[in-house]
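Asker: Dumping what TrEMBL says about this protein:
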type     : residues                                          : note
DOMAIN   : 1-323                                             : domain 'FMN hydroxy acid dehydrogenase'
BINDING  : 25, 165, 255                                      : glyoxylate binding site
BINDING  : 78-80, 107, 128, 130, 156, 231, 253, 258, 286-290 : FMN binding site
ACT_SITE : 255                                               : active site, proton acceptor
């Protein structure tokens, strides 16, 4: 493999290096994976109208997100179980985000705890939250994230039950035995049992609160002072409700096309969500972003910034950077 020149080329390397169960878990979408393709294809249907002879000798990529200054409008989305890809897992991602001067969002289902990630050094970090049936577990976790210096909660609202991810069913996906969901280790919720289909689907069915509703956004505000981003909005109607419910921001997301297939690509849903918020709260986007041109298109359509999924890996470029 020669020099890596773009993000797409990482996928081929990951496929080569990772066990099939792990690669399939990271790479696949729900059911027919139509939305998975569409998340990418939709970007290619949006064209620029370039204006010329503008002075571009000085370019400033800095921006602010919820009052935090970052080096660029590109942040790191929450991705679960990163130590399946590399022993450093979320530690490496946290250090990389900090070095790049941007925000990392830590998944609830990380293989490193909020305290461990905080111990990697300074950095602006958000915490992605799944709401468990046991609300004491949720309250405890939010408090721990606050104490560990996390600056916002990204509440995932599109996973009352796990999407039907057929690759995980075929592979009988489960967390490798040497790893745990570190944030839940002390609560006897850190392990994932093997199941007849996907171990993760069985875990979600057993633990995640399907009754989650807008009133719980209010409930969260009673247990934390942290700003709450609602992650998983795809319609103008829900965007308006999110504003009314006191959300600090919205992340237009279809969960990387891993939840409900045949929903629109996030870049196609972005404009109606931005219009519906009427500038009252910032709108962000994740899903399908692979190039700077994708970021630019999202910003042009009203996003305040985008989130990309990043996984630590052992490959020529990152090894060179790490040296």
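One is the number of the first residue shown, and numbering goes on along the chain from there.
Backbone N, Cα and C define each Cβ position, glycine as well.
Caution: TrEMBL annotation is automatic and unverified by curators.
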Asker: Going along the chain, which residues six or more apart from residue 80 (FMN binding site) have their CB under 8 A from its CB?
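Answerer: Same-chain residues close to residue 80 (FMN binding site) (Cβ under 8 Å, separated by 6 or more) are 107, 108, 109, 110.
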Asker: Taking 8 Å from the centroid of the Cβ atoms of 25, 165, 255 as the cut-off, which other residues in that chain fall inside it around the glyoxylate site?
Answerer: 28, 29, 30, 162, 163, 168, 200, 256, 258, 259
Asker: Can you tell me how far the Cα of residue 156 (FMN binding site) sits from the Cα of residue 25 (glyoxylate binding site), in Å?
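Answerer: On Cα coordinates alone, these residues lie 19 Å apart.
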Asker: Please give the glyoxylate site's span as the largest CA-CA distance among 25, 165, 255, to the nearest whole angstrom.
Answerer: 13
Asker: Compute the C-alpha separation of residue 78 (FMN binding site) from residue 255 (glyoxylate binding site), stating it in Å without decimals.
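Answerer: Residue 255 (glyoxylate binding site) has its Cα 10 Å from the Cα of residue 78 (FMN binding site).
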Asker: Given a separation of at least six residues and a C-beta threshold under 8 Å, show me what packs close to residue 253 (FMN binding site) in the same chain.
Answerer: 158, 231, 232, 233, 234, 266, 285, 286, 287, 307
Asker: What same-chain residues, at least 6 away in sequence, bring their CB to under 8 Å of the CB of residue 25 (glyoxylate binding site)?
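Answerer: Residue 25 (glyoxylate binding site) has long-range Cβ partners 81, 84, 165, 167, 168, 171, 173, 200.
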Asker: If one measures from the C-alpha of residue 255 (glyoxylate binding site) to the C-alpha of residue 128 (FMN binding site), what distance in angstrom results, rounded to a whole number?
Answerer: 12
Asker: At a 10 A cut-off on CB-CB distances, which of the binding-site residues 165, 255, 290 has the highest count?
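Answerer: The most densely surrounded of these binding-site residues is 165.
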Asker: Ten-angstrom check, please: count other Cβ atoms within 10 Å of the Cβ of residue 128 (FMN binding site), all chains counted.
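Answerer: Step by step: centre on the Cβ of residue 128 (FMN binding site), count other Cβ atoms within 10 Å, giving 24.
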